[in-house]
């Protein structure tokens, strides 16, 4: 892709947008930037030394290339108008792809992406394989280009917001963990959301690998949409070729990998994450023994079923990354019962009724916070006692005051965080600060 002299506009100046602007400028593009926020509310943007304007429809005129950040809707009217006039509109992943050296593992799914991406990178790193991890976590892809190596691997977490803007980006190993309702406030329908996730496999070529969940009907359907060799994983049935859970044993391509009890992160969904990561690592050239050793040394990713503290016999777990109903269901499945579950935040257009049965079985109460509290209360009423806690601090303190030894306070909100927090990380950090500030009960 030739960028020298190209008139480029970057839309949305958070982390990804800043990285895209820097990347374009280094390659000789004539770069401008825009955002809904004014310049003084955008850290680091003023230091870029490029023209900036607060976003209006007129700002989008006169460019050869427009790069919207992942948080900018692809169907934004000025972007649609630009495409109608032949302007190339691509995301940061597509922008970086032609310049990225080495081979790429692309990991998507509604839940488990960050854990599986981190685990895959950890396995490769522990095995001595040159690797860097980024995308939707850590480094933006454009920031990975300079450090990429011809003999290395780039392990990328890819969200639907990123996949929405790819056209030619190719993952040598593509991986879909699951596809369940999420981001319907952005993508409008589940069918559209699922189709966007599937773009990861449509750009693959013969000789690539598509690693798919044999238990997920959407993932199964992706197999017909790719030219890659399909590899399956399942925690419930035997699959071939691929990885499966047989009793308590993880089997990879017909050979014992490890015992399920050796996996240091809790939950059946994390067994599936390990199976998927093991296939990817194996196809990247890592032997069984090295994969198993790396899995044993892996530690839970922050804000993903993260143990925080035990106080007066009560455990506290931070799963702030559980921003969808399905993610919360997986979190509930990881515990036997005695749960005080904190739910709520910014609604993403999801149906919370699926939480009713597991809450009835496992929860002492649901503590509701944030903008979605009313909707959640309506949809799970009668399933479990409800507490209108309003704030995270109120929820934690109420749960601890009423919890008995052996109980667990679980933050698994099933919602986005942006009503009360800057991000799910901010929400998780706040939860941990509150929990670590609790005094023992008399």
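The backbone N, Cα and C atoms fix where each Cβ goes, glycine too.
According to Swiss-Prot, the protein has these features:
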BINDING   109, 110, 111, 112, 113, 114, 115  ATP binding site
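Sorted by the number of other CB atoms within 10 A, the binding-site residues 111, 114 start with 114, the lowest. Other Cβ atoms within 10 Å of the Cβ of residue 112 (ATP binding site) number 27 in total over all chains. Each of 107, 116, 177, 178, 273, 327 belongs to the same chain as 109, 110, 111, 112, 113, 114, 115, is absent from that list, and has a C-beta within 8 angstroms of the C-beta centroid marking the ATP site.
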